[in-house]
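Structure first, commentary second.
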Amino acid sequence: MPEQLFQFLVTGITVGSLYALVGLGFAIIYNASDVVNFAQGEFVMLGAMTAIALLSAGLPLPLAAIVATLLTVLVGLLLERFAIEPTVGAPVVTTIIITIGAAIFLRGIALLLWGKDFHPMPAFSGDRPIHLGGATLLPQSLWVMGVTLLLVVLVRLFFNRTLLGKALLACSFNRAAAQLVGINVRVMLRLAYGLSAGLGALAGILIAPITFSSYEAGIMLGLKGFSAAIVGGIGNPMGAVAGGLLLGVLEALGAGFISSGYKDAIAFLFVLMVLFFEPTGLFGHKVADRV
Amino acid sequence: MRRIGFFTFAVGVALLPALFPDNYFVMAVGVSAGLNAILAVGLNLLMGYAGQISLGHAAFFGMGAYTSAILTTRYACPSLIALTAGLIIAGVIAWLLARPILRLRGHYLAMATLGFGVIVHVLMVQATPWTGGPDGLNGIPPLNLLGWSVDSDLRWYAVIMAALLLAIGLSLNLVDSRIGRALRAVRGSEFAAQMLGIDTGRAKTQVFVVSALFAAFAGSLFAHQQSFVSPDSFNLTVSVELVTMVVLGGLASTYGSACGAIALTLLHEGLVVFEDYEMMIHGALLMAVMIFMPQGLFIGLSQGARRLWRLKNKASA
């Protein structure tokens, strides 16, 4: 029993790391533009699929990963420039449909480029499982957890220690005030989309060896990332990370002890329960309405 | 004015099969457009008038469909009773869910309704003994209206269009009633509505239930018309599609939602010829419409036409 529990925890943290990265992307974009980007999952899919395509074209893994990430960042920037910038200040429903449209569009392009098949990707450092106590651990899981930790720390440092990060944070508090103190809000908006697309792409590349990838791979991942961001209190980057890990672990426990078929239902039931009792998420600000 | 609109619509709908007798396209597409329009009109009450988003409306559509499917195939239940049972189940679930879920705002509400939709969909896939799992249920008998069996394309067209007219009529009346005015006040400002003495929680609950009933009603008809249901017809994509129809038609307009639903159904039929390109074009069109006509297709087009008209007048003057 304890070994089993440990095994589920390992699986949960691996998947949760992924949700955390996607949730982090959601939070960064939400902060900068008040938009929930439903195409976030498609960044993950694009990163994975592009990396797989580049690998099979003969590029070495590190190069393929970097090029795939940069290409996804470019897609994020294009999305911001042509779909988000023209509609700044639009109602929630409009932005939701625009980003859902973008997600369908990107999925459609992936379908044309790579077909409907599942594409495998070799693990970064072999497939030999590592035995730890009674549980087995894939080396790729270590990669996922390690790189996620590194990225989360870097994002935190970026927001807390660099001028650029602080400027981006200032935009999320009050765009007009940020503009008045000389921050170029438009550049910050692009930065947020680029950063978020890059995080998504890296998440996709990290997980592809474990789950394979297809043109539809981004849908559920995007929704789970959104859940992570909501559970953590939307607009709170570290809350999103915590929410992602929590969601991943709960899902793995639910799949292990109850039924794997119901794992998505368990995850979303948890999200609903959180919202029913804490309508602004676990770590969200309690906002007072201004009338 | 309102009457004229309603009768024009009714006459148009009735004339279509007379103008194109035995036309498969009019019948098949008409039926699916009509069902979508019922769903959109119902969802518009919640989204357009009360200003509450739902990304899980396909769940109620599915509850109506599955209740009818299970009761008629497993228990040989008469179709009208099955339909009523579907309405009751969806209504009760919506009522139970309304208070806690409609306390949420904006993106939190979007998340919660989306989550609810996913949970119901997972249940449809997983509860195989009841729902038949991913394969769904088939062999659903045709709708039987007190002895009149709805078993031909033309009859289905007539039934669905009658149902659509009923839905539009109900919606128009509801909007002009005390409840409708309360809902519009809630959309404007919930706080102000409370100050005016409106029980906003109750108003939102009522509209959520009504909107779920519209969806379950359409679901029952859908199950009988297709004679087959599977979870794929009630997933997140469908919920998103419904929201798109309402927004495309222009929020807070009953006819707008119906037209949005018809436009999107036709678009899907038209895009089929592009095969693999369909998805890409669909996504691009969705983005383009929302970026350039955020108030919906019809207001956007009519404004564009008015602008052209003014330009032309200026040029001639």
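Including glycine, each Cβ sits where the backbone N, Cα and C put it.
Quick look at what TrEMBL lists:
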{"type": "TRANSMEM", "residues": "A:6-28", "note": "transmembrane segment"}
{"type": "TRANSMEM", "residues": "A:61-79", "note": "transmembrane segment"}
{"type": "TRANSMEM", "residues": "A:91-114", "note": "transmembrane segment"}
{"type": "TRANSMEM", "residues": "A:142-159", "note": "transmembrane segment"}
{"type": "TRANSMEM", "residues": "A:191-211", "note": "transmembrane segment"}
{"type": "TRANSMEM", "residues": "A:265-284", "note": "transmembrane segment"}
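A contact between the transmembrane segment (A:142-159) and the transmembrane segment (A:6-28) is present, since 3 or more of their C-beta pairs, 6 or more residues apart, lie under 8 Å. Most Cβ pairs within less than 8 Å of the transmembrane segment (A:61-79), among stretches A:91-114, A:191-211, A:265-284, belong to A:191-211. If you count C-beta pairs under 8 angstroms between the transmembrane segment (A:6-28) and each of A:91-114, A:191-211, A:265-284, the highest count goes to A:191-211.
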